[in-house]
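Engineer: I am attaching a structure below and will ask some questions about it afterwards.
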Amino acid sequence: MDQMSPDNINGVILAVSSSIFIGSSFIIKKKGLKKAGASGVRAGEGGYGYLKEPWWWAGMITMIVGEVANFAAYAFAPAILVTPLGALSIIFSAVLAHFILKEKLHMFGILGCILCVVGSTTIVLHAPHEQKIESVKQIWQLAIEPGFLVYSAVIVIVVAILIFYYEPRYGKTHMIVYVGICSLMGSLTVMSVKAVAIAIKLTFSGTNQFKYFNTWIFILVVATCCILQINYLNKALDTFNTAVISPVYYVMFTTFTIIASMIMFKDWASQSGLKIATELCGFVTILSGTFLLHKTKDMGNSASGRGSISMPTRDTPVFTNSGSGRSSSSDKVAS
C-alpha cells in the first residue's frame with residue numbers, strides 16, 4: 001500500500017465532514033417535509049409548501065454546508081476516492097432516523113453500517129493519486145472525448161424518459177424512478193463539480209480559470225443538474241422511507257459516478273490489477289452494507305410493542321411503496 005498523498009488526505013477529511021452534514025440534512029429536511037405536508041399539499045403530490053417551513057430550510061443549509069465540503073474534496077482527490085465515502089452519510093442518516101423520525105434501525109442495520117465503514121476504509125487506503133491538472137482546458141479535452149460524450153448522451157436520454165414517461169405513471173409507487181433521476185444526473189454533476197472545484201483551486205493559486213468559456217459551461221451543467229436533483233430528491237423523501245432512500249440513492253449515485261470518472265479521468269489507468277481488485281472489493285463491501293440496511297428496514301417495526309422481528313418476505317417489493325406515502329407505517333411520525 002502506497003502512502004497517501006497530502007491531497008488525498010485533505011480530500012478524505014473534507015469528504016468525511018461532508019457526509020456528517022449531508023446525512024443529517026436528510027433527517028432535518030424530512031422533518032420539515034412532514035410538517036409542511038400536514039398543513040398543505042405534500043411535495044410528493046407536487047406541493048411546494050415546504051419552502052415556508054423553517055425545518056426544511058435548516059436541512060437545506062446543512063446540506064449546502066456538506067455539499068461545499070464535498071465540492072472542495074473533489075478539488076484535492078479523485079472521484080473514485082471521494083464519492084464512495086458518501087456511505088458514511090448513510091450511517092448518520094440511518095442513526096438519526098432511528099432516534100428522531102422513529103424509523104427503527106435493527107441490529108442488521110447496524111451491521112450494514114459497519115460494512116459501509118469497512119468498505120470505505122478499504123477504498124481510502126488503496127485509492128489512486130489524483131492526476132496533475134494544470135488548466136480547466138485539460139478537463140474540457142477529457143470531457144469531449146468520444147467515450148464520455150456517448151456516456152453523457154445516454155444519461156440525458158434515459159433521464160428524459162424517466163421524467164416525461166415513467167415519473168407521471170410510477171413515481172409515487174416506484175422509488176427507483178425518483179432515485180434514478182437523481183443518481184444519473186448526479187454522475188454528470190460530479191464530473192462538472194470536479195472541473196469547477198479545480199478551476200477555483202487553480203484560480204486561487206494565481207492562474208485565473210474563469211476567463212475560459214469552458215469553466216462557465218461546467219458551472220451551467222452543475223446548476224441545471226442540481227436543480228433537477230433537489231426537486232426529485234424532495235419528492236422521494238416525501239414519499240418513501242428515509243432509511244431506504246439513503247442507501248439506494250447512494251448505491252446508484254456512486255456506481256454511475258465511478259463509471260463516469262473511469263471514462264472521463266481514467267483514474268485506474270496507473271494502478272495495478274491487485275489495487276483495482278481491492279478497491280472493487282471495498283465497493284462491494286459497501287454495497288453489501290447498504291443492501292442490509294435496505295432489506296432489514298422493517299425489522300423491529302412490527303405491531304408487537306415488545307419489538308419482535310418481522311422478516312421481509314420474498315414478495316415484499318424492493319423498489320415500491322405498497323401504499324400511499326401518507327399511509328406508510330414508517331411515515332406515521334408525530335411532527
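Glycine residues also receive a Cβ, built from the backbone N, Cα and C atoms like all the rest.
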Engineer: Answer yes or no as to whether Swiss-Prot lists Gly40 and Phe210 within the same topological domain, that is, on the same side of the membrane.
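Structural biologist: Result: no, Gly40 and Phe210 do not share a side in Swiss-Prot.
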Engineer: Counting each residue once, how many in the topological domain 'Cytoplasmic' (29-55) are helix, strand and coil under DSSP?
Structural biologist: 20 helix, 0 strand, 7 coil
Engineer: So what's near the transmembrane segment (213-233) in sequence-distant terms, Cβ-Cβ under 8 Å and 6+ beyond its ends?
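Structural biologist: For the transmembrane segment (213-233), the far contacts come to 136-137, 139-140, 159, 167, 178, 181-182, 185-186, 188-189, 192-193, 195-196, 199, 249.
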Engineer: I'm a bit unsure how to read this: which one of 56-76, 144-164, 180-200 has the highest number of Cβ pairs shorter than 8 Å with the transmembrane segment (8-28)?
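Structural biologist: Most contacts with the transmembrane segment (8-28): 56-76.
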Engineer: Tell me, please, if the transmembrane segment (144-164) and the transmembrane segment (180-200) are in contact, taking contact as 3+ Cβ pairs under 8 Å between residues separated by 6 or more positions?
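Structural biologist: They do touch: at least three Cβ pairs between the two stretches lie under 8 Å.
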Engineer: Hey, which of 56-76, 80-100, 245-265 has the most Cβ-Cβ pairs under 8 Å against the transmembrane segment (180-200)?
Structural biologist: 245-265
